[in-house]
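Colleague: So TrEMBL says this about it:
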| type | residues | note |
| --- | --- | --- |
| BINDING | Glu32 | Mg(2+) binding site |
| BINDING | Asp37, His41, Asp78, His79, His160 | Zn(2+) binding site |
Amino acid sequence: MNNSTFPSLKKLTEIAITRLSRNENGFFLMVEGGRIDHALHSSKPHAAFMEILEFEEAVEAALNMTNIEDTLIIVTADHSHVMTINGYPSRGHDILGLVTNKDVRDNLPYTTLMFTTGFGANYSWNGERVLRKNLTNVDTRDMNFVFPSAVLTNPGSGTHGGEDIGIYAVGPMSHLFHRVHEQSYIAHVMAYSSCIGPFKNNCRRLVQDKQSNKDKNVQSKAGRRSSNKILIFTIPSFLI
């Protein structure tokens, strides 16, 4: 993240595609935005957002360097995280900022973003009631600010979540991602798209006949509704 010592995720993606493209038989490449996961385990959404922007640049670079006629690109995740959005912030409110709500019993502001588990749990007991930290003069936009959580964990050990995660795709057979799927289904689509594995001898595809402008079923070759290049981008996701 803005560290000149290490190449960016975009640069690494560009180098990988350049090298792998030398193989005329195509390639498979997986790119992981792992630092997003690290930030969310540490309850640091600002850091996670910055990493997501870098991840977006890597995906954009892949789209610019490949042809979706013969390249299947998938963006998905292997799990979610337990970050949530609290209600009733004002319109235009900073997503990393504080919310004042008259219905909050202790009259203290709260962050729009919180975690159900994480290192940010900060409660005390005064003998009568539970007290939480007053964040009024705290810079919650700081990159390293640890956002509040309900259950205290060790540093960097906030848990994963259990929500369904998104699958976004473009290229040959990308239309096969169209509803809720089992995780293993992704691998089947990749294999079917590239005519490998159990689909090695089952590569008939509908292609458009330019003369009649009608679809016809033909044995597909790379570049004709089948892919000989597959890129999968994976990130831990959260719902916003």
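Cβ atoms are placed via backbone N, Cα and C, with glycine included.
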Colleague: If you measure Asp78 (Zn(2+) binding site) to Glu32 (Mg(2+) binding site) at Cα, how many Å is it?
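Modeller: It is 10 Å, counting Cα to Cα.
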Colleague: Considering the binding-site residues Asp37, Asp78, which residue's Cβ sits among the greatest number of other Cβ atoms within 10 Å?
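Modeller: Counting every other Cβ within 10 Å of each candidate, the maximum falls on Asp37.
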Colleague: Taking only same-chain residues 6+ apart in sequence, whose CB is under 8 Å from that of His41 (Zn(2+) binding site), what do you get?
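Modeller: In sequence order, the residues whose Cβ lies under 8 Å from that of His41 (Zn(2+) binding site) (at least 6 apart) are His81, Gly156, Ser157, Gly158.
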Colleague: Just to verify a number: CA distance, His160 (Zn(2+) binding site) to the residue listed as 'Mg(2+) binding site', in angstrom, no decimals.
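Modeller: His160 (Zn(2+) binding site) to the residue listed as 'Mg(2+) binding site', Cα-Cα distance: 17 Å.
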